[in-house]
Amino acid sequence: MNNYLILSDEVQRGMAQGLPIVALESTIISHGMPYPQNVAMAREVEQIIRDNGAVPATIAIIDGKIRIGLSDDELELFGSSKGIAKVSRRDLPQIIASKKLGATTVASTMICAHLAGIKFFVTGGLGGVHKGWETTLDISADLDELAQTSVTVICAGAKSILDLDATLEYLETKGVPVVGYKTKNLPAFFTRDSGLPLALSCEELTEIAEMIKVKWQLGLEGGVVVANPIPQEDELAPSYINGIIDTAVKEAEEKGIIGKDITPFLLGKIVEMTEGKSLEANIKLVKNNAKVGARLAVEFFK
């Protein structure tokens, strides 16, 4: 086991008992939602994973170590503290070396999960290709990580603040399977259907588990995206949310917000403009992903 990893007691017990472990990121807690809803969401999501037969492992960087599984106090710390670093692949060595607090993104959570031998990871939405990428080249490191790190990511598609068309094209170029679970089109985070058709879709988790096994047994390194739409009763009307997203993107451009600050800014702005409706939808879709992700992990290890 890597010297930089510390596994929580719950994760160690789960591994010893041969239970499936499901990773969770910490950026969603520190940068993706306001306090105290973020901490409540994190605890509820962990419980949903337990209730569906798997063991949750929220991942974060604390005091020069990669923590695989956080205590209640640590979840509270990540939810309520200001100035926690947002850590992607590029930032991991520096944040660990400097012993700072670091919240893991999709990319770095995949890396840490892989180091710990964890094959499944639940999140809200993927990062991807940002709108206006033709001039900024702003493409999330999440996509390249999926091309090289063998972890399955269960999400509600890519975040709808992104250029979803380009994101799907990029994943195709990198050979990353994007499987729609009970959907033939890519879900768009707050809404169930982006209108973009997927090459792969499955009605049953057993089919997805089998496909993932075959992929890795063939020596095809890299992740799999399981795109699981937000439940119908929780989705926001596309005509409503898409206009708000466009306004928020425009404001970010005007303010010159770029790089890793753009996603937290946009999500915060959208919560403000929807008077909290987007936050409620975000929490619901993460919980739904946790249920599906835990069940998929159980299926995989049968």
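Note that Cβ sites are derived from N, Cα and C of the backbone, with glycine treated the same way.
What you are looking at is a predicted structure, and each value in this text was computed from that prediction instead of being measured.
Neighbours of Glu25 (active site, proton donor), defined as other CB atoms within 10 A of its CB across all chains, total 29. Taken from Swiss-Prot, the feature active site, proton donor covers Glu25.
Per Swiss-Prot, substrate binding site is recorded for Lys86, Val106, Ser140, Ala141, Asp142, and the stated evidence type is sequence analysis. The Cβ of Lys86 (substrate binding site) lies under 8 Å from the Cβ of Thr27, Ser30, His31, Gly102, Ala103, Thr105, Lys260, Pro264, each on the same chain and at least six residues away in sequence.
Residues or ranges marked as Mn(2+) binding site in Swiss-Prot: Asp138. DSSP assigns Asp138 (Mn(2+) binding site) to coil, not to a helix or a strand.
A coil conformation is recorded for Lys159 (active site, nucleophile) in the three-state DSSP classification, outside any helix or strand. The annotation active site, nucleophile is assigned in Swiss-Prot to Lys159 on the grounds of sequence analysis.
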Report summary line: What remains of the recorded positions Val106, Asp138, Ser140, Ala141, Asp142, Lys159 once a 10 Å Cα-Cα cut-off to Glu25 (active site, proton donor) is applied is Val106
Report summary line: Filtered by Cβ under 8 Å and at least 6 apart in sequence, the residues in the chain of Val106 (substrate binding site) near it are Glu25, Thr27, Phe121, Thr123, Leu126, Gly127, Ser140, Asp142, Glu145, Val153
Report summary line: For the binding-site residues listed (Asp138, Ser140), most other Cβ atoms within 10 Å of the Cβ sits at Ser140
Report task. Other than Lys86, Val106, Ser140, Ala141, Asp142, which residues of the same chain sit close to substrate? List them in sequence order, counting a residue when its Cβ is within 8 Å of the Cβ centroid of the site. Result -> Ser88, Thr105, Ala107, Ser108, Gly127, Glu145
